[in-house]
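Taken from Swiss-Prot as is:
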TOPO_DOM  1-12  topological domain 'Extracellular'
TRANSMEM  13-33  transmembrane segment
TOPO_DOM  34-41  topological domain 'Cytoplasmic'
TRANSMEM  42-62  transmembrane segment
TOPO_DOM  63-84  topological domain 'Extracellular'
TRANSMEM  85-105  transmembrane segment
TOPO_DOM  106-126  topological domain 'Cytoplasmic'
TRANSMEM  127-147  transmembrane segment
TOPO_DOM  148-173  topological domain 'Extracellular'
CARBOHYD  ASN151  N-linked glycosylation site
CARBOHYD  ASN167  N-linked glycosylation site
TRANSMEM  174-194  transmembrane segment
TOPO_DOM  195-219  topological domain 'Cytoplasmic'
TRANSMEM  220-240  transmembrane segment
TOPO_DOM  241-255  topological domain 'Extracellular'
TRANSMEM  256-276  transmembrane segment
TOPO_DOM  277-330  topological domain 'Cytoplasmic'
REGION    299-330  region 'Disordered'
COMPBIAS  302-315  compositional bias 'Basic and acidic residues'
Amino acid sequence: MLPDWKSSLILMAYIIIFLTGLPANLLALRAFVGRIRQPQPAPVHILLLSLTLADLLLLLLLPFKIIEAASNFRWYLPKVVCALTSFGFYSSIYCSTWLLAGISIERYLGVAFPVQYKLSRRPLYGVIAALVAWVMSFGHCTIVIIVQYLNTTEQVRSGNEITCYENFTDNQLDVVLPVRLELCLVLFFIPMAVTIFCYWRFVWIMLSQPLVGAQRRRRAVGLAVVTLLNFLVCFGPYNVSHLVGYHQRKSPWWRSIAVVFSSLNASLDPLLFYFSSSVVRRAFGRGLQVLRNQGSSLLGRRGKDTAEGTNEDRGVGQGEGMPSSDFTTE
């Protein structure tokens, strides 16, 4: 168990992530669904839609983590709820890593081999890549859940209180720790290495092209930085806890804090969507305009602000490039 003040901080962090991540991802979901319905959607939009769905899965399960943190990490809900929550929560995290890697590959190919990319890209490729990411994450996390809940008849407790996915028997640790190590290698380090290479080449090409405008260069750098932060800040601590746990043969005390950082990716991904797609930038712009209109209506200035905001939104829509791929060189 963590001290009460640490549990309170984790509780507040979960609430902030939920309140910021849910509306932003819902806006992105609406934008990507609209783009996918158009003829011949780009593979990157299918991957971005899948990443949005992974974030929403995590956010929809986050209330159970909030209840757990509010109870000082004692689990009072049914055991099956713990199993399903853990399965979906951690599957969404590891699905995101390979989806981010897939997006980085698509971006790199789009600028490194623009002609071949435009001629060969198919929506089916995005669907296959997304399915592979989901199957890999669900398959790996299913192993961990089965080990925890079906490989023992002993109910694991912390003192007199039941915990969720925190304490294991020695027999469970013999299987869980190697599986966690494999998760760390296959679903974190490999996709991170792929992503770093692709975005290093992507940014280098974008910055070295004289015909690429300053705005597109800034978006390229922003996309790479946000993705790198996702891996290092959000996913890094949690996967390092797997390495430490394998060495110490127990979960480190700070693992629950690392899980919070993993959840943070659901609030950070909307920034990635913003840098990646013009349809999301327009959707976010319209969402902000609605908030401005509501605020101005309370102040009696709705008419003027609405007219100005509409003109600005039209300007953004006209100034963007091809919606299929913002970074593909012509």
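Heads up, the Cβ atoms here are built off N, Cα and C, so glycines get one too.
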(request) Report, as numbers and ranges, every residue of the chain located at least six residues beyond the transmembrane segment (127-147) whose Cβ falls under 8 Å of a Cβ in that stretch; write 'none' if there are none. (result) 43, 46-47, 49-50, 83, 86-87, 90-95, 98-99, 102, 172, 175-176, 179-180, 182-183, 186-187
(message) Looking only at the topological domain 'Cytoplasmic' (34-41), how are its residues distributed among DSSP helix, strand and coil?
(response) 3 helix, 0 strand, 5 coil
(request) Mind tallying the topological domain 'Extracellular' (63-84) by DSSP state, helix then strand then coil? (result) 14 helix, 0 strand, 8 coil
(request) Tell me, please, if the transmembrane segment (256-276) and the transmembrane segment (42-62) are in contact, taking contact as 3+ Cβ pairs under 8 Å between residues separated by 6 or more positions? (result) yes
(request) Go through the chain and flag residues at least 6 beyond the ends of the transmembrane segment (85-105) whose CB is under 8 A from any CB in it; none is fine as an answer. (result) 44, 47-48, 50-51, 54-55, 57-58, 61-62, 64-65, 129-130, 132-134, 136-138, 140-142, 144-145, 148, 164-165, 183, 187-188, 191-192, 194-195, 198-199, 202, 227, 230-231, 235, 238, 262, 265, 269, 272, 276
(request) Please give the sequence-distant neighbours of the topological domain 'Extracellular' (241-255): residues at least 6 beyond its ends with Cβ less than 8 Å from one of its Cβ atoms. (result) 2, 166, 173, 177-178, 180-181, 183-184
(request) Note the mean pLDDT of the topological domain 'Extracellular' (1-12), expressed as a whole number. (result) 79
(request) Please work out the helix, strand and coil residue numbers for the topological domain 'Extracellular' (241-255) from the DSSP assignment. (result) 9 helix, 0 strand, 6 coil
